[in-house]
Amino acid sequence: MRITLENGIPAAAASDRTEWPGLIVIAGPTATGKSRQALLLAQRLGSPLLNADSRQVYREFDIGTAKPTPAEQALWPHELIDIVDPCHTYTVAEFQQAAQARIAEAHRQGQTPILVGGTGLYIQSVTAGLGIPAVPPQPQLRRQLETWPPEIRYAWLQQLDPVAAQHIHPHDAVRTLRALEIVYTTGKPASSLRRAHPPHYPILILGLRCPMPRLEQRIARRTAEMMERGWIEEVKTLRERYGPDLPLLQTLGYAEIGAYLEGRIPEAELQPLIVRRTRQFAKRQMTWFRAMLGIQKGHAYGTLSGRGRCVALWLDCEAEDLPEQIWKQVKAWMAAPTTVETSPAAAEHRLFDP
């Protein structure tokens, strides 16, 4: 079955809508402009735009999470943003359920949804169909774990579930606590409880990247812009409303500003510290996407599974014609058959010409 293009826009027959239009994922490390490119593509395709950033699901955490601004959200509906209060622990299983339901709804309407974000586990929960442990939050256990220093919690996670710890930043208190909850509740590492059930619809994963020196410059510019927009005031307000021990306030950027407000970091050191730690986080994201999503350097990579195909490739986030590069890949992917007889090895290197 091939998808026809009408004026460059895919048109699926009603009988095919449960198998096609599939899913487009725009992923990559922080500060690569994923949200902007996803917005442009969503407007061009008429697609639902779904957030896959684990902090943007929370209300009130706006500036420090690089959440699309109200003006940007007014240009096109952004979904799975601002859906829970900061005091609620939103699990990967909850995200997966919400995302899968919205994707299924989009497919019934003949639409190709776009999933955008940098939280690898959120993305993998959808693209690989991970079986996420259904472990509800444990308030009493969490209160006990929150009394431990963050570095002790993370070190303990490294002992109990080293695989999960590899993919969690040492300063990510939310995910560290969640992984420990699962270990203590089930007696097994969270990483050992996940079983993949890949979806049968086609998936296109577009990873945005640039060399680390340029990415660090982008991180520095964005951090300065966040400060100018009132990030410190945002943190002050959140600390007054929820208290300084809120787990989300221990995450990247918010924790450093909290330390500054408490007099533990000089003002002159605050912004460089956030930039340095964000760069470290971006390197971990790159490692994760290369290893877990199969996005390889410099070429397209295809894997075939059942009725569906997952294709992933990197694009330079600073390319002047990036929107057109993305559009070229989307059109080629949509025009390709949804079933093929060749092996993954045979498919590699010839699915696209990036």
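From the backbone N, Cα and C atoms, a Cβ is placed for every residue, glycine too.
Summarising the environment of Gly28 (ATP binding site), the number of other Cβ atoms within 10 Å of its Cβ, over all protein chains shown, is 29. Residues annotated as ATP binding site in Swiss-Prot: Gly28, Pro29, Thr30, Ala31, Thr32, Gly33, Lys34, Ser35.
With a 10 A radius on its CB, Thr32 (ATP binding site) counts 26 other CB atoms from all the protein chains. Classification of Thr32 (ATP binding site) by DSSP places it in coil, neither helical nor stranded. Annotation source Swiss-Prot lists substrate binding site at Thr30, Ala31, Thr32, Gly33, Lys34, Ser35, citing sequence analysis.
The annotation region 'Interaction with substrate tRNA' is assigned in Swiss-Prot to 53-56 on the grounds of sequence analysis. Helix, strand and coil residue tallies for the region 'Interaction with substrate tRNA' (53-56), in that order: 0 helix, 0 strand, 4 coil [DSSP].
The feature site 'Interaction with substrate tRNA' is assigned by Swiss-Prot to Thr119, with sequence analysis given as support. Contacts of Thr119 (site 'Interaction with substrate tRNA') defined by a Cβ separation under 8 A and a same-chain sequence distance of 6+ are given as Ala52, Asp53, Ser54, in order along the sequence.
Working note on the binding-site residues Pro29, Gly33: by count of other C-beta atoms within 10 Å of each C-beta, Pro29 ranks first.
A Cβ within 8 Å of the Cβ centre of Gly28, Pro29, Thr30, Ala31, Thr32, Gly33, Lys34, Ser35, the residues given for ATP, is found for these other residues of the same chain: Gly118, Leu208, Cys317. Here the region 'Interaction with substrate tRNA' (53-56) returns a mean pLDDT of 98 for the predicted model.
All chains included, 24 other C-beta atoms sit within 10 angstroms of the C-beta of Lys34 (ATP binding site). Most other Cβ atoms within 10 A: among the binding-site residues Thr30, Ser35, that distinction falls to Ser35.
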